[in-house]
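Visitor: Quick one: structure below, then a few questions.
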Amino acid sequence: IVMGLPWALGTMLWGALAYCIREWRWLQAAVSFPILLTLIPTYFIDESPRWLIVNGHYDKALKVLEKASRWNKVSLPPEEDLRALMRNIQEESATAATAKESVQEGSEKFFKKLSRFLSLPGLLSNRVITVVTVIVCLDYFTASLVFDGLNLSGDNYSADPFLYIVLGGLMEVPGYTITGPIIDRWGRRVPTALSFIICSILLLTLTFIPSGLSWLVVTLALAGKVCISGAFQLIYVYGSELFPTEVRLQGLGAASVSAQLASVILPYITTYLGPLVPWAPSVIFSSMSLMAGVTSMVLHETAGEVLPDTITDLKNIGSRRNQEKNAESTEIEQTRF
């Protein structure tokens, strides 16, 4: 919510500023200058304690944890216990690094060679982390494509693009605010998948609405904006919990790159393809949302689970899920007979 609401406000300001400043160069300058102000708070942001621990910076991690405990008015365990826990975490990370250098059999060899070729040894080192990487990148790509696509479709969905942008930013507010209570109660996986799937249904419905019913077109487009805004907010949380600490930065970086790639492709869909085939952008956005929603169900649930520190921890989660599925299947078969 803290991240989403300022974004929604910024979107609404875009519509207002564009209405007042029609020359695009001055408009770009007006919205770009405040970005310089973001350099100031970055000086006060602490490094991730998990990353510091995995890389052996115990003293720095202790300072960050002590600062967090003061701000949150909670007590930390004795320093000796914390240092022992840190050593265990680092030893697990070192063991995982050693394991990645060992000879792998079968399909593991393929993923290891592929990871070396792509210079992403962590993100593609085994099946489990590869599946997480591909699906999270697909989710980021789709969320960016649909979210920005709806923002840039004011000419297609509304007669007043300025008002459409303002209303689109306003629709982001419920998309951001309701995600917190939802993931606390129903977890991450199902709400993420449903957000994409419902958005897909709404956007596909747009293709069957007559052009004369402009109010219905705008309503469905804005409803889709609520869903994709919620999905975008969810994958920020879900993706950061899926990646282990040792590759979380690389994983989220790869996901962000896929989102930016979607932004690069998007103008060719809305600006060039849209005027030629008006229903095509909605179909593309709907298809991608459906694909992202279905594939998200493959991921494991992270709510209430201990976050993995190493790739080995994540692999163990995948092995445990397979064992649970096999046990459930065996139990069902025994019940039948």
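All residue numbers here begin at 1 and follow the chain in the order shown.
Note that Cβ sites are derived from N, Cα and C of the backbone, with glycine treated the same way.
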Visitor: When TrEMBL marks a stretch as transmembrane segment, which of 31-50, 251-270 is it?
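Guide: Checked against TrEMBL: transmembrane segment maps to 251-270.
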Visitor: Quick check for me: are there 3+ Cβ pairs below 8 Å between the transmembrane segment (161-178) and the transmembrane segment (215-239), leaving out pairs under 6 residues apart?
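Guide: Output yes: the transmembrane segment (161-178) sits against the transmembrane segment (215-239).
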Visitor: Quick one: mean pLDDT on the domain 'Major facilitator superfamily (MFS) profile' (1-304)?
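Guide: A mean pLDDT of 84 is what the predicted model shows over the domain 'Major facilitator superfamily (MFS) profile' (1-304).
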